[in-house]
């Protein structure tokens with residue numbers, strides 16, 4: 001019922017996506033990968049939609065990374081294939097993984113411990129299928145993965161490749177340079193990207209020297225892939241995800257310019273409180289998330305108000321937000337009750353996860369509704 005609607009008529013809070021900007025972001029990342037001569041495997045966890053997946057893959061429906069089994073099933077149902085679960089293989093849900101592996105031409109899993117490999121071997125796929133395994137490397141991010149300098153990493157890769165080749169195949173190595181999210185500017189982002197790339201390439205070289213074939217080498221994060229370095233051309237693929245929308249955090253990091261941010265959360269003014277100098281709006285943390293509130297930032301770190309740098313977000317409860325003038329008197333006449341403001345969220349992935357529908361717009365009108373998958 002909302003197709004063709006003007007944005008200021010939408011029920012709020014409403015998550016909106018500028019179609020032109022998202023298309024431009026997707027094409028720019030594809031072009032970066034083409035220029036490097038590497039494959040783009042877009043991570044779809046930011047949007048979790050078939051439409052976003054089509055946009056990111058250029059319509060091929062092949063070669064994506066997902067963060068949950070629910071996403072994997074959803075995209076498989078939507079005709080996607082060559083799906084990588086970018087999460088250490090959940091051995092408690094191995095039957096679900098096996099079902100996807102049998103169903104798809106290529107369903108890839110990550111592992112970083114021998115016990116996970118043993119679980120895969122205890123659950124052979126049969127029917128001529130093999131588990132497609134990537135070794136997860138930790139090149140400084142400090143989350144999942146084995147350190148490439150640890151001798152156990154080489155031993156695990158050798159075991160994946162050699163212990164049961166009729167059941168398990170080593171596809172490649174996978175590293176997420178999430179430590180780029182602690183950067184401020186292209187130079188520091190590229191320094192981490194270079195360290196990660198070199199660590200991955202050195203590990204692949206060590207594998208090959210040991211007689212272990214390693215066809216694929218993949219790294220990713222939106223900051224690193226937004227400022228690619230020449231060394232990345234020696235990899236086989238990149239796997240960023242947030243870039244399709246970008247967000248306030250990415251502009252602060254230096255990954256993008258403000259005009260590259262496609263996502264907004266529309267909110268209505270629902271109250272004036274002159275004695276406090278505050279506007280009340282109908283967007284709380286349930287429509288925005290609390291990402292960005294850390295490091296002493298408080299609510300103002302969670303979002304910026306588009307077109308109104310004089311306003312700041314000072315309070316967030318579940319369904320309410322409070323705005324103040326950053327350095328003077330609030331002009332309530334400029335923001336009557338019922339007027340609509342647009343918030344630029346700090347973290348698009350977290351904010352998008354709060355909404356059941358995205359209103360995609362062009363020239364001020366809704367042109368599509370995207371419905372994301374939810375759950376795990």
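Yeah, the Cβs are placed from backbone N, Cα and C, and that goes for glycine too.
Keep in mind that what you see is a predicted model, and the values were worked out from it rather than measured.
The N6-(pyridoxal phosphate)lysine entry in Swiss-Prot, when matched to the candidates 45, 129, corresponds to 45. The Cα atom of residue 174 (pyridoxal 5'-phosphate binding site) lies nearest to that of 45, taking the recorded positions 45, 347, 349 as the candidates. Look at residue 181 (pyridoxal 5'-phosphate binding site): DSSP puts it in a helix. Within 10 Å of residue 347 (Zn(2+) binding site), as judged by C-alpha distances, the recorded positions found are 242; the full candidate list was 45, 181, 222, 241, 242. Within the group of binding-site residues (174, 181), the Cβ with the highest number of other Cβ atoms inside 10 Å belongs to 174.
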